[in-house]
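Enquirer: Not my notes, these are from TrEMBL:
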type	residues	note
ACT_SITE	134	active site, proton acceptor
BINDING	142, 145, 166, 169	Zn(2+) binding site
DOMAIN	8-263	domain 'Deacetylase sirtuin-type'
């Protein structure tokens, strides 16, 4: 039990209400934020006190993560990235990742799983219908010829202190993550608009719902008559409009996992 866990007599009736709507829903969409990853021990990247907001050797991380800076100083970028992005295999998926994978496996995640996280933990837990709003460290591509590479190919090079270069054309390889100055994937945003507009239930997990356009997704569900369920330790910008509000990710995910086992 964490400090955010609710007493069973408070939690259980709320969860049973959620379970009733979940069982009757025709379309469910899920949105996950950094809180889901931090449960695995992965540092929060974009939060108020996250890695991206902490200077690195006197440098502004937002500048390091700008696409212009990457092209100008790939060596410095990869020195930073080695510390932050290229040890992800040292972490393991947690109960939230596994419960959401089970939700999909049981045919209950018709609207898909949308995440701001770049750590590909959802896929490692078994999820397949994953839409990554900020891209993923799982893949990388040559900025010159477009050849694709995997995390497993790139990580050892980065950890050796080198800038990964394309084996075909020697172009600089960039992780498939949205940098500052780049646009989010238009196709992923369109899919999110469709999924959350049509969802009977939108489940938000581990997000404070302050970063747009992602924060607008559950609003679409509510606008079209669906129910929004928020699971987050800290207050969010949309708590007042939520149908149900839970605080403890582990407590909720464990109950969801057990509920799905009974189906």
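Using N, Cα and C of the backbone, Cβ positions are placed for all residues, glycine too.
Because TrEMBL annotations are produced automatically, they should be read as predictions rather than curated entries.
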Enquirer: Do you know offhand how many angstrom separate residue 145 (Zn(2+) binding site) and the residue listed as 'active site, proton acceptor' by C-alpha?
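Expert: That comes out at 22 Å between the alpha carbons.
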Enquirer: List the Cα distance (Å, whole number) between residue 169 (Zn(2+) binding site) and the residue listed as 'active site, proton acceptor'.
Expert: 27
Enquirer: For the C-alpha pair, I'd like the distance in angstrom between residue 166 (Zn(2+) binding site) and residue 134 (active site, proton acceptor), rounded off.
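Expert: About 23 Å separates the two Cα atoms.
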Enquirer: Would you please pick out, from the binding-site residues 142, 169, the one with the fewest other Cβ atoms within 10 Å of its Cβ?
Expert: 169
Enquirer: Pop the Cα-Cα gap between the residue listed as 'active site, proton acceptor' and residue 142 (Zn(2+) binding site) into the table, whole Å please.
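Expert: The separation of the Cα atoms works out to 18 Å.
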Enquirer: Counting other Cβ atoms within 10 Å of each residue's Cβ, which of the recorded positions 134, 145 comes out lowest?
Expert: 145
Enquirer: Whose Cβ lies within 8 Å of the mean position of the Cβ atoms of 142, 145, 166, 169, the Zn(2+) site, other than those residues?
Expert: 143, 144, 146, 147, 167, 168, 170, 171, 173
